[in-house]
Each structure stands twice: as C-alpha cells, then as structure tokens.
Amino acid sequence: MAATPLPIVSPPPPPPHPPNAATIRSLTAAGDHAAALRALSSLSSSSSPGAAPLDRFALPPAAKSAAALRSLPAVRAIHGAALRRGLLYDGPTPAVANALLTAYARCGDLPASLALFAAMPARDAVTFNSLIAALCLFSRWLQALAALREMVLEGHPLTSFTLVSVLLACSHLPDDPRLGREAHALALKSGFLDGDERFAFNALLSMYARLGLVDDACRLFASAGAAENAPGGGGGGGVVTWNTMVSLLVQSGRFEEAVGVLYDMVARGVRPDGVTFASALPACSHLEMLSLGMEMHAYVLKDADLAANSFIASALVDMYASQERVCAARRVFDMVPVGDRQLGLWNAMVCGYTQAGMDDDALELFARMEADAGVVPSETTMAGVLPACARSEAFAGKEAVHGYVVKRGMDGNRFVQNALMDMYARLGDMDAARRIFAAIEPRDVVSWNTLITGCVVQGHVSDAFQLVREMQQQGRYTTDIDEEPVMPNNITLMTLLPGCAMLAAPARGKEIHAYAVRRGLDSDVAVGSALVDMYAKCGCLALSRAVFDRLPRRNVITWNVLIMAYGMHGLGGEAVALFDRMVASDEAKPNEVTFIAALAACSHSGMVDRGLELFRTMKSEHGVEPTPDVHACAVDILGRAGRLDEAYSIIISSMGPGEQQVSAWSSFLGACRLHRNVRLGEIAAERLFELEPDEASHYVLLCNIYSAAGLWEKSLEVRSRMRQRGVSKEPGCSWIELDGAIHRFMAGESAHPDSAVVHAHMDTLWERMRGQGYKPDTSCVLHDIEDAEKAAILRYHSEKLAIAFGLLRTPPGATIRVAKNLRVCNDCHEAAKFISKMVGREIVLRDVRRFHHFVDGACSCGDYW
C-alpha cells in the first residue's frame with residue numbers, strides 16, 4: 001500500500017509533553033477527535049529522544065476518531081502506518097484490524113471492510129461483531145446473518161453486541177419472521193435476557209415491533225417481569241426498557257396502549273426521562289388528547305433539566321402545533337434559550353407554522369435560524385419551509401429557493417425533492433414537478449403521493465389515477481429483496497378520493513374503497529372520513545352513512561363531513577339530529593366547521609328557528625366562538641327566508657369591516673337575487689366590488705337582479721364594468737361519469753363526439769316537456785333579447801345536455817348523476833323535474849352549493865334553494 005502522509009491536519013506547535021497512546025485514547029474518549037488525530041500525527045513523526053513509539057495501542061482509538069470525523073483519507077493513512085510498522089495483526093488480538101474494519105464501514109467504504117476481513121489471518125469475536133455491524137450499516141441483512149453462521153461455526157463466543165446487530169437484521173426481513181424467533185431462542189439459550197443488562201432485551205422488543213408482531217413484543221414485555229417489576233429497578237436500564245415499549249407502541253399506531261404503558265410506568269415508580277416524553281407526546285397528537293399533553297408539559301416544567309431539554313421542547317412544540325395551538329408552541333420555543341435551541345426545535349417550530357398556514361411566520365423564523373442563531377438549515381428544515389414558500393404571497397423568490405437548495409447540496413435528498421415537487425405543483429408547474437420526480441431513484445410512496453396530490457390539486461384527476469397504476473406496477477415488479485414494494489397507502493387513498501368527489505365519479509371511488517378493504521385501510525379514521533365525503537359528494541348518501549356507521553372510531557372531521565353531507569342533500573332534520581348525537585356521544589367535540597355544516601343544513605332546509613338557536617348558543621353551550629364564516633351562515637339562513645333586514649343587521653352590527661365580511665355580503669347578495677330586492681342588492685354588490693373587484697360571481701348576481709326587475713340598462717352597465725376590469729364570467733360546465741369515463745358538456749357547444757345525437761335528443765325532450773306544460777324561465781337569460789331567442793339559449797344549457805346524454809347511454813331505470821361547476825339555474829331546475837317524471841328516472845344534480853334529487857316531478861329541495 002502506498003504511503004500516505006499521516007498529518008491529516010497541520011500539527012500545532014509541539015506540546016510541552018510528547019503525546020503517547022494514552023493521550024490519543026483520552027482525546028478520543030473525550031470526543032476531541034481532531035485533536036486525537038493531531039496527536040497521532042505528532043507521535044508518528046516524532047524523532048526526539050524519549051518519545052513514545054507508535055504502537056498497537058495508539059492506532060485503534062485513532063481509527064475510531066477518524067471514523068467519527070468520517071475521514072476516509074485518515075483511515076487509509078492509519079491503515080498504511082499499521083502495515084508499514086507491522087502493527088496490523090500485532091498482539092494477542094487483531095485489535096488494530098478490527099478498529100479499521102469498523103472505521104472503513106463508518107466512512108462508507110464497505111468493500112474495504114470486506115477486503116480487510118478476508119485478508120485477516122486470525123479473527124476473534126470482536127472481528128465478527130464488527131463485520132456484522134458493518135453489514136447492517138449498509139442494509140446487507142442476509143449477509144449479516146450469514147456472517148453470524150460463520151462466526152458460530154468457527155466457535156467464537158456470542159455477546160449481547162452480536163445479538164443486537166442480528167436482531168436488527170432480522171427486523172428488516174419481514175417475509176420470514178421465523179428468523180426473528182430463532183434469534184429470540186438464541187438469546188434465551190445464551191442467557192442474554194438474564195440479569196440487569198437490557199441491551200438485548202430492548203433490541204428484541206424493537207425487532208418484534210418492526211416485524212409488525214407488536215403483540216409478541218407486549219407478551220415479551222410482560223413475561224419478562226418488565227410490567228411488574230421494572231427491569232433494572234428504577235435505574236437507567238429500567239427506564240430504557242419502558243421507553244422502548246412506549247416508543248414501539250407509538251410507532252405501531254397503538255397510541256392508547258402507549259399512554260397506558262406510560263401511566264403504568266409512573267405508577268410503578270420509574271421516573272420518566274426526556275426520551276419518555278419525546279416518545280409519548282406524539283401519541284397525544286394522534287389521539288387529540290391535548291389535556292394529557294399539557295399534563296406532561298406540567299410534569300416537565302417541574303424539573304429544570306427536563307424543561308431545558310431541547311428534544312422535549314421539540315416534541316412539545318410538535319404536539320401543540322398539531323392541536324392547532326401554535327401560540328402555545330411558540331411559547332415553548334421561546335422558553336428555551338437561543339444558544340440551547342437544537343436544530344430539531346427550530347424545525348419543529350418552522351413546520352408548526354407551515355402546517356397552520358402561517359407561512360410568513362414560518363419564513364421569518366427560517367430566516368432567523370442562520371442569521372441570528374447560527375443554526376444551519378437541514379434537509380428537514382427545507383422540506384418544512386418549502387410549502388410556505390409556495391403559498392406565501394409576500395414571498396416573491398419561490399423558484400430561487402430551488403437554487404438555494406442546489407447550492408446547499410440538498411437537491412439529492414428525497415425529502416427535499418418531494419417538497420420541491422409539491423412547491424412546483426402548487427405553483428401550477430407540473431412539468432417541473434415531473435422532472436424532479438423523474439430524477440428521484442428509488443422512489444418511495446411519499447414521492448408518488450406528492451406527484452399524485454399535485455395532479456389532483458391542479459384538476460388532472462385522470463393523470464393521478466394513471467400514476468397510481470404505475471406505482472402499483474413498480475411495486476409488483478420490485479426485484480430487490482431488501483427493498484419494500486411501493487404500494488398505495490392511506491395517504492394515497494385520501495388524496496385520490498377528493499378527486500373522485502370533484503368529478504362526481506362514484507365508480508372510481510368504489511374501486512378505491514374496494515382496495516382499502518383488501519388492504520385493511522378502510523378502518524383508518526382519515527380514509528374512512530374521506531370515503532364518507534366522497535360518497536356524499538357523488539350523491540350516494542346511503543353509502544356515505546353506511547361507511548360512517550362501520551368506522552370503529554370517528555373524529556370531528558368524520559362527524560363534520562356527514563353533517564355537511566346531509567345539509568348538501570337538503571336533509572336538514574337529519575343533519576341537526578346527527579349534530580345532537582355528536583354532542584351526546586362525547587366522541588368528538590364540535591368545532592367551528594361543525595357549526596358551519598349544521599347552520600348550512602338549516603339554511604338549505606328552511607329550518608330558520610333551529611339554525612338561529614344554534615348560532616346564538618354555540619359559544620355559551622359549546623365554547624365555540626362565532627367566526628366571520630359562521631356569521632355568514634346566519635346571514636344566509638335569514639336571507640333565504642326573506643328576512644333581509646335582520647340579515648343586513650348582522651353584517652353591520654356583529655361583524656368587523658373588511659375582508660372578513662366577504663362571505664356574509666356574498667350570501668346576502670344571493671338572497672337579494674332570490675327575493676329580487678334591488679335596493680339591498682345594490683348595497684351588497686357595491687361592498688363586494690370594493691372587497692373583491694375581480695370576482696365575476698358578484699357582477700353576475702347583480703346582473704341577475706337587474707334583469708329579473710327588467711332594468712336592462714343597469715344590467716348592461718354592470719356588464720360594461722366587468723369588461724373594463726377584465727373580469728369574465730366562468731362558463732357553465734356539467735359532466736357525467738359513465739363506464740369510468742368523464743363526459744363534459746358546455747352550454748351550446750359541440751365539442752363532444754356525440755354532440756349531434758345529444759342535441760337531437762334534447763330537442764325531443766324539449767318538445768315533450770312543452771307538450772306537458774313546461775314553460776321556459778327566461779329570467780335566467782341576462783340578455784335583452786326576444787323570449788324565443790332566450791328559450792333557444794336555455795334549451796342547450798350544459799346540465800340539460802348532460803342529462804340527455806345520460807338518458808341515451810344508461811339502461812332504463814338507472815339513476816342519472818350529473819355535476820355542475822356553477823349554481824343550477826331556475827329553468828334547468830324546472831326542466832329536470834319535468835324530465836324525471838316523463839322518463840321515470842331519478843336525476844341527481846350536484847351544483848356548486850348543494851344536491852338536487854329529482855324524482856317523479858319533484859325535487860328534494862322542495863324548491864327552497
């Protein structure tokens with residue numbers, strides 16, 4: 001081997017006393033690895049009389065320091081020095097070779113480790129332990145077990161260190177849990193589970209958890225007396241075992257049991273430490289048990305050492321942020337002195353702000369990290385702050401952040417790549433997102449989910465489903481035995497289901513539901529909530545309720561989704577009854593969204609008194625503060641009922657001025673259109689023009705009010721005002737799903753392949769309706785033209801064309817399900833009633849506000865909409 005100069009760094013001025021092997025050992029033990037290497041350099045180059053010679057006792061600690069610094073050149077220099085001086089295999093044990101074997105692996109050079117092992121003339125137990133640990137470091141699990149077998153055949157004694165590495169290897173071979181059980185038997189036979197030393201015991205618990213055999217871990221914990229007598233007394237061994245059990249239960253999603261173990265631990269006199277709380281606090285987040293998290297926080301505050309622990313503070317910040325208590329999270333963050341704030345704490349607070357949508361705060365804190373505290377952002381930091389960069393309107397240099405990532409050398413990190421994909425997708429640049437996706441290798445499920453989410457958010461739902469098919473194909477044909485196949489998970493399903501709801505495509509939604517059942521994901525509360533929402537928005541309310549009833553556990557989102565669903569379908573009584581059941585069940589506490597859903601249901605069903613009662617008692621009886629959106633619901637209830645003066649009074653007297661009034665004024669303007677109140681409609685419209693001058697719907701509603709009143713000149717003035725501001729009305733579009741395909745129709749257009757046939761069938765239906773007493777409601781046309789021309793325009797509205805297409809392409813008696821991007825017009829509502837009676841079909845029409853179920857000439861809304 002070519003000689004490499006040993007001075008890795010320039011040696012300092014000669015110390016007063018020449019270094020020796022003991023000096024290097026003490027520096028390595030103290031963690032001063034650079035000084036240890038300087039001492040080795042000085043020792044090897046020293047020629048002064050009386051200087052200690054470089055011997056086999058100096059090289060192992062030096063190799064450990066080189067490994068700690070991840071300095072492969074230093075390891076090679078030490079290896080060369082050992083060869084030149086004949087120290088590599090000197091002594092009764094190959095200590096130098098063993099240390100180099102480990103050092104090469106820790107510096108990323110596994111081939112050098114394996115070559116050194118193969119060249120060793122004599123090996124001992126430490127040699128094999130080092131080799132097995134090195135193989136595990138590189139995820140060579142099967143090779144690690146093969147090394148164990150060779151170790152046993154050569155007759156070397158096993159130690160607890162051997163077993164810990166072996167258990168780690170077994171834990172990554174889920175297809176053969178028998179190997180893990182054999183390792184357990186080996187531990188019992190060798191006596192590694194006896195006595196107070198708990199390394200092997202804790203590793204065994206972790207192995208069973210990684211293999212998904214959590215029940216086996218629980219039985220092991222109990223049978224070993226851990227649950228009764230706290231192994232190791234109340235000392236470090238005991239608390240480590242308890243911590244292992246809490247952590248594995250949390251990581252396995254068994255949060256209630258983790259909390260139970262924590263309580264049992266305290267009851268048996270084992271004092272929790274920082275690791276305990278850092279492991280247990282995520283359970284509080286998942287269980288939405290804020291009170292328990294605050295109880296842990298109070299315990300921490302009583303102990304000065306725990307209170308100053310940055311890792312505990314990180315877990316507390318994460319817990320409070322996940323419970324939407326961002327201000328409390330910030331107070332915890334601020335309590336830790338700036339100099340003691342570890343990177344993990346900064347990351348937790350930045351991510352907390354990002355998750356809460358407080359993007360400017362996240363960016364401000366991100367800027368302070370390095371500028372004020374000298375903390376260098378990590379890949380986790382960038383993955384947390386990139387969504388804030390994408391959403392923040394105040395932050396202009398969005399794409400420049402990508403350059404910052406490249407400059408920092410983080411562009412190859414998968415977490416950062418996923419965050420960049422998400423950022424570009426949010427910005428609408430799906431080509432850039434796909435380029436980043438193509439560069440990721442190998443792709444994990446998060447990478448796939450990120451791109452799928454981007455497609456759904458941008459409305460490319462068909463592309464999202466195509467990506468899922470590609471993901472399944474990749475997972476099906478994975479050949480690497482150490483690589484887990486990538487398959488759709490609960491996040492994938494939660495991403496796709498809103499896409500099905502958006503398109504009103506129940507057939508695709510049912511496919512996802514079937515996959516969830518096969519994979520055991522249908523009992524997941526988040527997937528279940530998404531299924532309830534999907535079926536409801538696809539018009540399948542009975543299926544939505546069936547999924548709700550079968551869920552083993554429901555959270556506030558699940559309840560809110562179904563309450564909202566009943567309201568959208570015009571079943572206000574059922575919605576309010578479900579609200580009352582939610583309050584009585586104590587399964588979830590109503591929040592702002594719950595009241596918005598219940599009040600909207602009352603509004604759609606004309607339940608004015610019940611809606612106002614809920615509005616007036618929400619704070620006193622349920623502790624929920626009325627927000628601007630809640631006030632807007634109360635305005636909508638009164639406005640639809642024709643009580644316009646009372647609705648106007650709520651806006652003027654109960655709400656602050658500015659943008660928070662937008663929803664209320666918008667609801668009020670809609671009520672003015674419904675009741676043809678020109679005076680109040682003008683007031684509402686002018687306020688909205690000030691607050692949202694580029695929102696087309698406000699101009700259209702005022703045009704409707706003027707047109708219905710015959711004020712054509714004023715209607716033309718509004719349309720002229722729209723043109724001057726460059727505001728254009730969103731064109732009406734309706735769609736229907738048949739045989740897994742989405743068919744879209746625009747008013748009067750002929751782009752659909754079957755357009756001629758559809759228009760002809762609509763002509764036939766039109767004449768039949770006219771013969772049975774149907775009269776077109778020409779007030780829906782905003783142009784000052786003859787009634788015959790208005791009727792011709794109404795005949796080919798998009799929802800009528802979609803209904804006609806559904807009648808042509810579905811078997812007799814089948815329900816027709818149509819969705820529209822805007823509010824259904826009065827004329828199409830009346831026409832759908834006639835068509836449902838003429839053809840004997842149920843027609844389900846979903847517009848931007850609610851559902852209409854047309855059966856035998858009547859609508860579920862009772863014409864109150």
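Each residue, glycine too, has its Cβ placed from N, Cα and C.
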Range among 1-23, 392-414, 645-667 that TrEMBL annotates as region 'Disordered': 1-23
Counts by DSSP class (helix H/G/I, strand E/B, coil) across the repeat 'PPR' (124-158): 26 helix, 0 strand, 9 coil
Arithmetic mean of per-residue pLDDT over the repeat 'PPR' (124-158): 93
Within the repeat 'PPR' (591-626), residues counted as helix, strand or coil by DSSP: 29 helix, 0 strand, 7 coil
